[in-house]
Amino acid sequence: MSISTMQSRASTFSRGVICVERGLPAVARAGCCVRPTNTAVHKLGLLAGGLSSNSSCAPRLQQQRPQQQQVATRAASGGAAGASSDSPNMGAVLAAVGVACMGAFAFGYHLGVVNGPLEAIAQELGFAGNQALSGLVVSSTLAGAALGSLTGGSLAEAFGRRVSFMLCALPMLAGPLLSAAATTLNVMVAGRFLAGLAIGLSSALVPLYISEVSPTNQRGTLGSLNQLMICLGILAALLVNVALPVTDWRLMFNLAAAPAIILLLGMLGAPESPTYLANKGKRDEAVAVATKLWGRSGASQLGAGGAKAGGGGGGAPNLFSGAYRKGVVMGCILFVFQQFSGINAIVYFSSSVFKQAGIASGALASAAVGATNVAGTLIATGLIEGAGRKQLLTASYLGMAATMALMAAGFGLPALAPYSGTIALGGTLAYILSFAIGAGPVSGLIVPEINKEAVRGNAVSAAMVTHWICNVAIGQNFMAATANYGISAVYAFFGLCSLIAAGYVSANVPETKGKSFDQIQAEMDR
């Protein structure tokens, strides 16, 4: 054998090694990697391994590359039309989130709709002048909401998120229709209780579902839509109060049936939460839904938690056991602070406070409060993935503390008495804006993020029960507290609570921006 022949064979062998090292199912021939077959898999291997630009095969590969890329794409996607891409299917995600948010819109609408026509309702149903019975029309909704939020998590874990939403839509539809048809106080209260039951259920279900169907890098933005829709519901109720005469209160209640119908019909075609499916041991189905919603990264975003937790069948875990207690307690504390910062005292009694400060049109001023709430939440939606949850929440509470201190001074210092109306309106709007950029949207968003899959539904439920209990406590005692201690002292108390909340968040709450559920839980477990 001549030396030149030996060199040629050595070169060919060397190129064959390079082919093998690059993962190419090929043999070296004539100085080039040649595949023994022409399958799509081998073409995909060629693209993955590639050859250097100075290879003798480079010109030929350059010519074949467009066709090979098409084949590789078909191979990677299984050749199926419409297969998922690397990017999330935001159309499907937004459709699911939009339907769920009908529960949040109804939440806000039912909280605000009765405030304007309450005296007309009392007059027509025969309890005019009875403050206790008028209070019952309002508080029956809050009582129903507390009960609904208590059971929302259990329903979500037992029947799934979709079915729970459909069950929630039934009292959401029946309640306002019953109130609209009421000819007695008892029927009105029954309707209001059913509406409260529905919004209590939705207050637990909506943030839970949104957090579980949203891609990781959009979970904050989409999660803030829950609060935005609550604000829009409150604003819609305030605008209806302004646009319609109070004698049209039956129409006001009938309008509340619309979001319930959209929720019921929309959930028939909405996807189940992939996290719920994984936690129930349906891993393949969970991955399929996650891939449909989030693209090819769906399985990795879903994480391994569901595979470990699913199908356990060991009964409901103890929320306050060592493994779960930290997240559950933190979620409840966040809602204690949210309510004792005074937000619902401002929303429920803003008209009375404005009148006390000498502002003539309390209804229009309250509408301005609702519009500011919406504007602030829109700002939060744009900031939440950039600034992060923790920073927005801390800044929000500091702003609320400052504005409460300003209003306390405006109502309490004689030197500021001539400006009390301006301070009341300006301070209230600044307070609402501060609330809306953090304490409003972030509290509901972060609770499902910081809790483990096995208890997430019930943990959100526990936080919302805390919310409603504190809500009722503030609502029932605010007017009495202002009568006994003065509005300045009450606002100073709210400001102090907001300041303490800012310190708690800064010291204890983790940043969850851009992190998967598995990453957040690893941080919570430290």
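From the backbone N, Cα and C atoms, a Cβ is placed for every residue, glycine too.
Here TrEMBL gives region 'Disordered' for one range in the set 57-86, 297-326: that range is 57-86. Contact between the transmembrane segment (163-183) and the transmembrane segment (92-112) is present: at least three CB pairs lie under 8 Å, with pairs separated by 6 or more positions in sequence.
At the 8 Å Cβ threshold, with sequence separation of at least 6, the transmembrane segment (251-270) lacks contact with the transmembrane segment (459-479), having fewer than 3 such pairs.
Spatially, the transmembrane segment (423-447) is not adjacent to the transmembrane segment (132-151); fewer than three Cβ-Cβ distances between them are under 8 Å for residues at least 6 apart in sequence. Only pairs six or more apart in sequence are counted, and the transmembrane segment (92-112) with the transmembrane segment (459-479) gives fewer than three Cβ pairs under 8 Å, not enough to call it a contact. Proximity of distant same-chain residues to the transmembrane segment (396-417), defined by a Cβ-Cβ separation under 8 Å and at least 6 residues beyond the stretch ends, is recorded for 337, 341-342, 357, 423-424, 427-428, 430-431, 433-435, 437-440, 442, 486-489, 491-492, 494-496, 498-499, 501-502, 505. Sequence-distant residue pairs (6 or more apart) of the transmembrane segment (132-151) and the transmembrane segment (459-479) include at least 3 whose Cβ atoms are under 8 Å, placing the two stretches in contact.
Residues of the same chain lying 6 or more positions beyond the ends of the transmembrane segment (363-384) and with a Cβ under 8 Å from any Cβ of it are 112, 115-116, 220-221, 223-225, 227-228, 231-232, 234-235, 238-239, 241-242, 346-347, 350-351, 354, 392, 425, 428-429, 432-438, 440-442, 445, 513.
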